[in-house]
Structures are given as structure tokens and as C-alpha cells.
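Shown next, in C-alpha cells, is the structure this report addresses.
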Amino acid sequence: MANPHRIDPQLLNKLVHDALVWSSLHGLVVGDKNAERSGVVPGVGMVHAPIALLPNSFPESHFTQACELAPIFNDLVDRVSLDGKFLQDTLERTKKVDVFTSRLLDIHARMLQIGKKEDIRLGLHRSDYMLDEKTNLLLQIELNTISCSFSGLSCLVSDLHRSLLSHYTKPLGLDSQKVPTNTSASKFAEVLAKAWTEYNNPSAVVMVVVQPGERNMYDQHWLTATLKEKHNVTTIRKTLAEIDAQGKMLSDGTLQVDGETIAVIYFRAGYAPTDYPSESEWKARLLMEESSAIKCPSISYHLTGTKKVQQELAKPNVLERFLDNKEDIAKLRACFAGLWSLDDTEAVKNAIEQPDAYVMKPQREGGGNNIYGDDVRESLLRLQKEGSEEEAAYILMQRIFPTEFPTILVRDGICYKEQAISELGIFSAYLRNKETVISSEKCGYLMRTKVSSSNEGGVAAGFAVLDSLYLN
Ligand code: ADP
Ligand code: MG
Ligand code: MG
């Protein structure tokens, strides 16, 4: 692709204008943080989602590779989730120093103790990758098993880019067909509907667990509106506090909230310590877990997505415990970056010497939690000196350096010419009922592009923009 920084200024203005109009008309929007009620009242205080004006190049072979990994990771998550002892053992040391993870493990332990079985298991995942420039390897950043955002909006970005490319084919010299089809919203809605069908109670609803004041609500509304319009499934939205106040479990395990029977619980909250400001939220989480509602995710799926489990799975011979197919194992291993526990003295020594080659990660989700650069060295030295067990809260990961490229970002109606890097996420859905796998498929993609000088990649956190791909 030609350098978009060289686009004629007049054409650039037209493109930005068209992109902003398109986004407004098609619901590619988020709540505007400048509008007080934007996170509470839908339709109030909307702004276009932060976007890359044009799609960015990505090799087709690596895109295909990432797509092929989706069903294999689905299988892996399901298998690992069934091994309660593996999850407890892997996180045992972390538990001692990380209160949040410890609370999640307590719920998990309680479920093991009462012999809770989840016959119907639903996962809506997103596996994120970066393409390492030096090695030309597609390497996994992480696998998200809870509250994967942007399945509602990312398909719209692909539509927007295709629309711009086909309206400006000649001056841009780009082919809209090279932006791959993105079915993230419709696929996630379809699998949620299938899960609802498996629950087999026509009067039951899907409950979306939300954060109070969620500004990324339209991303969620895209899924629930599709559920309603295409599948005739009703949704309710509740915060954890509301679930505690309005929820109860009947003697047969049925979960009722606000008088509605819940077939499927879809978490878009509950992944961060701040989601649990009081005991009330933890009570709600436990109530849901104990119930017979289908959880997306269950506590086991949630824990399977932790960074510590990711690091454990990357150790020699661990994948073999969960998967039989040798080719699948090889494919997964090929996308694993270097991952180490902090009790690996050799790795820690190397990271202190070369902190820029590593990222230090706690057991957190949602962006903005990792440690980079000189802070890696300082943190490691501090932990060494204190000799504390706090080191078990973290893992070390090889830092991946993707190729920088020139791009145009649009945020708040203003366009910025930047040098950027990208992270590709592949959405996938998994649904099974006992021995029958009803669905295990890739569901679309999320491309996030961020200014290359920024360490973190969160869109909601304000570091990155939504993007799509131009295959080459
Ligand atoms: P979270 O669950 O908070 O999203 P991530 O592991 O995805 O945690 O890290 C957040 C961001 O940090 C990523 O989106 C990416 O931009 C950056 N990052 C994470 N791991 C690496 C890595 N190994 N190399 C380079 N950047 C990374
Ligand atoms: Mg994550
Ligand atoms: Mg992430």
C-alpha cells in the first residue's frame, strides 16, 4: 500500500468527512466521555469510534494462520477448564499475593467442592497476535476468555473501509475486496442464540453483565440488537450490584433476576478488581456460578484465560496433557512467544540486563496493567531485594516488535498522521452440550492500531484505534 501520509490534502478531507458521516449513520459509535450521561442513557452523547482512516496491510498467510488457530484454542480452553486441579495448582502461588485472583480461585474451589458440572459450555473468545518483524512470526499476545470487546464494532470498521475503498477506488488505487469479510457481531449473536436454544426455556432471557456507566455500550448493543432482530431472543442488562440485589436461585438451580429466568449470562464486566467494589458484587458472581444458567464464561473458562495459565501452557509437554492431535499442538506452539515464570532465575537475570526485550504482566485484563522498559528492571530488582512472594503475581513475556507503518488515525473528528503498529485479534465461539460440540469456529477479527511509541494497545483506554486489514 502506498504511504497514506502522501494522500492529497483535498482527498484526505473528503475521506475523513465521509468516514465520520458513515460512522454516525451506521452506529460505529461509542459514548463520549465529555458527555456526562453518555454511559448511562443510550442515544445521548455519542461520538464516532476512534478509527484508522484506511485499512492497513497485513499478510494473507498470517491472517489465515491466525484463523486456523481459532478452533484449536477453543478446544484447548475447554479441555483445560475441565482440569480443576491444573487451574488451582497453576495459580496456587499467585493466589497468595493477588487478592483478586484469589477470590476467583475461591469461587472455582467452591464449585469443585460441590461437584458443579457445566454440561452446556459457551466461550466467546478473542486470541490476539502481533507479527514480529525480525522473525516474521505471528506470535500470540494473549487469549481472552472473558468480556472480549469490539465484536460489535469491529465488523463495522471493515464495512466502513470497504465502502471508502469502493467509493475512492481510482484515487486510492486500492481494491475493497482485499478487506476480508468480518462477521464478528452476527456470529457472536448467532452462537449466543444457539446457547439460549440449548437451555430450552422459551421464556428465559440472555443477561448481559455490564459495568455501571459503560461507554462502550454500543459495541454490546450491536450483539443484543442482533439477538433480538435475527433470533428473537430477549436480553436484559444488569450490573453485578443489581444482580446481587435482584437475583435469586430457585431450588432447582434456576437463576432469576428481576423476575426473569436467565438462560445465558454474558459477562461484559467482572474481569477487573474495580468491578467488585464491595462484597455485594462477589456475592452476585458466586450466585451466578452456582446457578444452572449458561455462563459465558464460567469461572473455569475465566481462569483458563489468565496470563499465568498462558505461561504454564507454553512449558514443554503441557499442551500434550490437554490435546491429542500432534499437528494442532505444533500449530499452537508455533505462535507462542517466550513466556517465563519469575521463579526462573535465568529469565529474570536476562530481563534485568535487557528490560526492553521483555514485558512484565500481572494477572489483569483490560489494558494498562503491564510493565515495560526500565520499569521491568526496577520492578524485578525490587522484588529480588525484598525477596517477597509478590513475584508470583507476574509473568515475564518476550516483547514482540511489529513493523511500524505510516497511518492516519481519526479520533474525536480530528485526523492524525502517525507511525503505528497493529495487533490482530481473532474472535472465536465455542458451544457444546455434553459430548456434542455444537459450534467451534472463528467469528471475525479485530485489528487494533496504536501509535508505535505507546506500549499498550487498549482502544477503550484511549491508546489505540479500531482498524481492519488489507490483505497482501
Ligand atoms: P490485557 O489483558 O490487559 O489486554 P495484554 O497482554 O493484551 O493484556 O497486554 C496489553 C497490551 O500490551 C497489548 O494489547 C499490547 O499492545 C501490549 N503487549 C502485551 N504483551 C506484549 C508483548 N509481549 N510484546 C509487545 N507488546 C505487548
Ligand atoms: Mg486480555
Ligand atoms: Mg489484551
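In case you wondered, yes, glycine gets a Cβ from its N, Cα and C as well.
TrEMBL labels come from automatic prediction, so no person has curated them.
According to TrEMBL, the feature substrate binding site maps to R126, 146-149, 214-216, Q220, 268-271, R448, K450, 459-460. As annotated by TrEMBL, ATP binding site applies to E142, K307, 361-370, Y372, 397-400, E423, E456. Look at TrEMBL and you will find E142, N144, E365 tagged as Mg(2+) binding site. Per TrEMBL, the feature domain 'Glutathione synthase substrate-binding' maps to 204-303.
The structure, with features from TrEMBL marked on it.
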residue : record                 : contacts (Cβ under 8 Å, 6+ apart)
R126    : substrate binding site : L143, N144, C148, S151, G425, I426, F427, S428, L446
E142    : ATP binding site       : S127, D128, G305, K307, Q310
R268    : substrate binding site : S147, S149, V208, V209, V210, Q211, E214, Q220
Y271    : substrate binding site : I146, S147, H302, E365, G366
P362    : ATP binding site       : D98, K307, N369, N370, A393, Y394
R399    : ATP binding site       : D356, A357, Y358, V359, Y372
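Surrounding the centroid of the Cβ atoms of E142, N144, E365, where the record places Mg(2+), the chain contributes additional residues within 8 Å, namely R126, D128, L143, T145, I146, C148, Y271, G305, K307. Long-range C-beta contacts of V459 (substrate binding site), restricted to its own chain and to partners at least six residues apart, with a cutoff below 8 Å, comprise A49, P50, S149, F150, R448, V465, L466. G368 (ATP binding site) is surrounded by 13 other CB atoms, counting those within 10 A of its CB over all protein chains shown. Annotation for E456 (ATP binding site): same-chain Cβ neighbours under 8 Å, separated by at least 6 residues, are G367, G368, N370, K450, F463, A464.
Only E142 of the binding-site residues listed as E142, R215, R268, E365 bring a Cβ under 6 Å of any atom of ligand 3; the order follows the sequence. Looking just at the domain 'Glutathione synthase substrate-binding' (204-303), the mean pLDDT is 98.
Only E142, N144, E365, in sequence order, out of the binding-site residues E142, N144, R215, Y271, E365, R399 have a CB under 6 Å from ligand 2. Checked against ligand 1, the binding-site residues E142, R268, P362, E365, R399, E456 give E142, E365, R399, E456 as the ones with a Cβ under 6 Å from it, listed in sequence order. In terms of DSSP secondary structure, the domain 'Glutathione synthase substrate-binding' (204-303) contains 42 helix, 26 strand, 32 coil.
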